[in-house]
Amino acid sequence: MVKRGKKTKYLFVTGGVVSSLGKGLSAASIGALLENRGLEVQHLKLDPYINVDPGTMSPFQHGEVFVTDDGAETDLDLGHYERFTSAKMTRRNNYTTGRIYQNVIQRERRGEYLGKTVQVIPHITDEIKAVIREAAGGADILIVEVGGTVGDIESLPFLEAIRQMKYDVGEENAVYAHLTLVPFIAAAGELKTKPTQHSVKELREIGIQPDLLLCRSDREIPRDMKDKIALFCNVDPSAVFTALDVPSIYEVPLSLHREGLDDKLAELFNIWSRAPRLERWETIVDKVKNPRRGEVRIGIVGKYVELHESYKSLNEALVHGGIANDARVKLAFIDSTKLEEGDLSDLDKVDAILVPGGFGIRGTEGKILGVKYAREHKVPFFGICLGLQMAVIEMARNVLGLAGANSLEFDEQTPHPVVTLMEGQKGVTDKGGTMRLGAYPCALKEGTKARALYGADLVHERHRHRFEFNNDYRAQFEAAGMVFSGVNPDLGLVEMIELPGQHFVGCQFHPEFRSKPFAPHPLFAGFVKAALEHRDAQQRQPSAEVKKLPVGKNG
């Protein structure tokens, strides 16, 4: 094999049969394997929907919006890419059909096409190829994930563009990986390959012959069945891999490595690389599977609890907090709208309470009840973005005695707008891409819990909001005991709050976007630690039943 040069090689990941097979995790895991072989890896996600970005889409439809340092609102798969590799995502790492068409139409309006009829081929496909090359950024390998399912009409321009790329860059500089489903039919008692055969047939009709197949299955696919898939799909038998269901997503790179996927990619790319070093991944998986400090229950009080993908980065950041404390974090999703009905029993069953970000008035009173419960019962509390604002409103009403206190987002007539619209947001009418987005500095106050957790005076965190704490009320809150432990040094905006005497922390930013399994975010590590301490303290206390036992003669 030749030693790798500076020319970028491209791996295109497509999916077939059904959606939600795990293309993003597969792409991220491949990135982790290649990076651990000493290669520089970058990622690109191509989404076929017409929205310019996912920023205005419902979490129920799209899942989480992942925010990058440069303020891009992107697909949640970019979170997987950042968590699994050292690559830093920016707005150039996620393109949608809407954004591609927007670029082309703007060029047409500027007259850059010199009077030509602008068409899908070549103009749209050329634009797609241009953003693919731009995303590479000089990396050894660019992994391009094409969203959607092969056969969807929306994906066709992207598939045509990646078909052309192999001819543009050369055979050994472009590899096609196709993720399919090999289901086990319980009634027949066997795995079925027909869905995979049909999916590959559809891909080949478009003009793309996959170089390797990742076959998602809940069990190992035997060698003879892999040979059958290879025969009918015109793929080398050594290029058919089981993408096995595993208990933890952090086991996926190890599972694919055991299948020999990274060796095959090195062969297909004809690229030199060292032997993979996966000890860190093995350690992480061991900590996830065999925590020495047992299990801790974290209650997430939100309104998107039916779809856990809505809080993807948050969920993983809590897992990372568990890794940092050698504990397993069990998430209990608590519907805030149900709390409004008066049943708070779910809050009794958790060791800590977290109120995440969100938008809109629905469920906010339930979140405020969750905050009140945590404050009054000394249960560790962590409020993120809207969660901080809920904590402020709860304290204003129940400690400061400011009746009717609220956020201007929910009540424009509130007598006490303790949460107000940011100055820079006044007059903004467009919804897409207009919030306070991206990384901003936060100066931490000496002697606070926030300063102790971070171990730094100044940090940078990612934001996604329009509303902020109203500094007109700051003196009243400080007099009541609230500590403003983090402030934006440029604008004086409140970034962090806390209450002394308990683990009660709120932040206006989204720390979950910066957490990784190998580098758990300090706020999540500290939160899980506090939850463990609360759990242990509760277990040491005698139960109510024991307290009621009659005292004996020797008592």
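Note that Cβ sites are derived from N, Cα and C of the backbone, with glycine treated the same way.
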Exercise for review: Figure out which of E340, E341, E409 sits with G358, L386, G387, L388, Q389, R466 in the L-glutamine site per Swiss-Prot.
Suggested key: E409
Point to revise | Candidate from D75, D77, D126 that Swiss-Prot assigns to the same ATP site as S20, L21, G22, K23, G24, L25 | key: D77
Review point. Just counting, how many other CB atoms are there within 10 A of the CB of S20 (ATP binding site)?
Key: 10
Review point. Closest to C385 (active site, nucleophile): which of the recorded positions S19, K23, L25, T193, H510, going by Cα position?
Key: H510
Check your understanding: Once near-sequence residues are set aside, which residues in the chain of T196 (UTP binding site), 6 or more away, have Cβ atoms under 8 Å from its Cβ?
Key -> G16, V17, T180, L181, V182, L213, C215, I229, C233
Practice item. Could you please provide the mean pLDDT value for the region 'Amidoligase domain' (1-271)? Key: 94
